[in-house]
Amino acid sequence: MRTSLRVTPWVTLAVAVVLLITATAASLFWGSRSLEPGTVVSALARLPEILLGQDPGATADMDTAVVLNRIPRTITAIVVGAALAVAGAGMQGVSRNPLGDPGLLGLSSGAAAGVVLGLGWLGVHTSWQIALAALSGSTVAAILVFGISQIGGGAPTPIGLALSGAAVNAGFVAVTSAVVLTNQQVLERYRYWNVGSVSRTEGTDLATAAPLILLGVLLVLAGASGLNAMALGDDMAHGLGVDLGAQRAMVFTGVVVLAGSATAIAGPIAFVGLLIPHAIRRLVGGDYRWIIVLSMLLGPILLLVADTLGRVVAPPQEIYVGVTTVAIGVPVLLLLLRRRKGMSL
Amino acid sequence: MKASAVHELQRRQTRRTTVVLVVLFTAMLAMMGIRVLLGQYTVTIPDFFRILGGERIPGATFIVMQDKLPRALLGAAAGAAFGISGALFRTVLRNPLASPDVLGINAGAAAGAVAAMYFLGAAGTGLAWAGLAGAIAAAMLIALVSTSLRGAAGTAGIVGERFLLAGIGVAALGQATVVGIMARLTTQNAQGAAVWTAGSLNSSTWDRLILVSVVLVVAIPAAVLVHRALQPASLGPELAVGLGSHPGRVQTAALGLGVVLAAVATASTGPLAFVALLSTPIAAALRHGRISVLASGAVGALIVLAADMVGAEMLGDARLPAGVITGAIGAPVMLWLLVQQRRGARS
């Protein structure tokens, strides 16, 4: 790791806050429909009255409606980005594996299979039922991937974990396609849900997911010092008096809750959880307390930028954020893996 | 050991190889027979030969000549192509998980087909050609990325690992393209795209069969020859060069051949998940761990025929594409392979 890149965490935090504000503004001001900045500002200025119901005519105006549409989208990107980045950090810590990412390790496709099975067989339809189905799916996937990687003893290699993720992924994809191919209605809902996007979330979905995500972040954050101890190795952590089992279980639960609820509201989005903790580790080093706090800021930035890019690249078409994150993520992943030294935690 | 004993051992091994191959090919032919004659619409053996002789039996002639027979033949041909491709990939990359379906070739084909469906309105044979283009594009991208990775990492990392990493990356890109486009298709096209990307024998036509057969006629002898030429390379690069072999060139040829086979098979049936991955270790297990091109091909054909039989005939009203069945079988086997690999690395 190049030490010249290291900066103090506080500086990074300040820069991240500024960047987050900029990215939020960009997400509000730019879109597939280009608006004058003044229009956006005036629409935002009317926001309190609109929310209180004192401005009934507001949505009739096309430009104001567009701005109002961008607000939940921006909030979703922030919430989901934070959830995914923290989930990735927690997963990388628990598995001591740099390839920890909810998408890469099959948690997202587990959630997808859960949603499809719920839609097709159990008749779920409300947003909290879908969230529950996604959570159960991602839990099963997580248990499978990590359970299998433990067989034979010792910590799994990064590539071994990625491949067992790919296998679990493929198994869930087979289950999912078996359901969607025999049920036209489920296919219709699934194919929109399956492309990660922050633009279709409604207020009620957000209200369901936000407390869950908060809980997940708190669980992972509570295990941060445990993760720091684990990074030294199991024996060392034992010597420091850390209850490894309890800490692991706590972080693991947090990760599954985060990945499941983020996937439930935005669909599967890969690479955010992988890239953000890596980037932070490069900048401030391996202290998980900082990695998790900064993930909560940098994850939203990546997702906001990816979403805004997807909106302005080919207007009036929009490219879904689930596609843009992969297009950004794959080259960066290959670069990271190219330096074998950078892979060790 | 005396020379005569060595000879005896070699002779026994050759005999075993022949026996395994004969058994596998007989099983393959039997499976094709079952696929054509049995199922929800059965045909008697005399009727089948009368149909082949050109006699027209109302109903039966159409079903056999337009559906069952091309379906069984294409299933066998595509399965064999996947199996041979898997054997070549595995021998060169020396990793049981390095197969064209794990490494983005299938995902590239699916992305090509779905993109052609959306942007060009392609259907039928157009999809097959687009799938072929997508598979070859994916292979070129993997080659490009893995060579550029070599440039940067120096001698670190073996061929297999670099190729795997690049392949996993390309697979993710292909997957994202498929998912992104799927959400934009019309309802009717989405159904078609879902079936195509799962991989099935539903659109088996004589044209496609001819294309795959022509490729196989050339590729099977070539694959056997290339595979034999690869043997010195398995002793390690220094020894191989010392024995007068050119490992680099032979390995490139083998991978290229493997890509062509996988691409053509995918174009004709869609990306049948895991056939290439599964057939090689199964065939190798029958031969005490030695990889054989022909045996892998026969096992691949058996897997596809059986999966199609199960998906199309044995699930009652729910007709599932063969690719869903192979995917459902393949995931646990792949995990088992991973565990085996870890055990092997440890001992």
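The backbone N, Cα and C atoms fix where each Cβ goes, and this holds for glycine too.
Taken from TrEMBL, the feature transmembrane segment applies to A:104-124 (among others). Outside the transmembrane segment (A:104-124) by six or more residues, the chain places 91, 130, 132-142, 144-145, 161-162, 164-169, 172-173, 175-176, 179-180, 183, 185-186, 189-190, 193-194, 256, 259-260, 263-264, 267-271, 274 with a CB less than 8 A from a CB of the stretch.
The transmembrane segment annotation in TrEMBL covers A:131-153 (among others).
For the transmembrane segment (A:159-181), the residues of the chain that approach it from at least six positions outside its boundaries are 95, 97, 99-100, 104-106, 109-110, 112-113, 116-117, 120-121, 137, 141, 144-145, 148-149, 187, 190-191, judged by C-beta separation under 8 angstroms. Sequence annotations record features per position, and here TrEMBL assigns transmembrane segment to A:159-181 (among others).
Residues or ranges marked as transmembrane segment in TrEMBL: A:209-231 (among others). Beyond the ends of the transmembrane segment (A:209-231), by six or more residues, the same chain brings 79, 82-83, 86-87, 89-90, 93-94, 96, 131, 237, 240, 242-244, 247-248, 250-251, 253-255, 257-258, 260-262, 264-265, 286-289, 291-293, 296, 345 to within a C-beta distance below 8 angstroms of the stretch.
Per TrEMBL, transmembrane segment is recorded for A:251-276 (among others). Counting same-chain residues at least six beyond the ends of the transmembrane segment (A:251-276), those with a Cβ under 8 angstroms from any Cβ of the stretch are 76, 79-81, 83-91, 93-94, 99-104, 107-109, 111-112, 115, 127, 130-131, 133-139, 142, 146, 193-198, 201, 205-206, 208-209, 212-213, 215-220, 222-223, 226-227, 295, 298-299, 302-303, 321-322, 325-326, 328-330, 332-333, 336.
What TrEMBL records for A:288-306 (among others) is transmembrane segment.
The annotation transmembrane segment is assigned in TrEMBL to A:318-337 (among others). Listed by sequence, the residues of this chain that lie at least six past the ends of the transmembrane segment (A:318-337) yet keep a Cβ under 8 A from its Cβ atoms are 32, 77, 98, 158, 195-199, 266-272, 274-275, 278, 302-303, 306-307, 309-311, 343.
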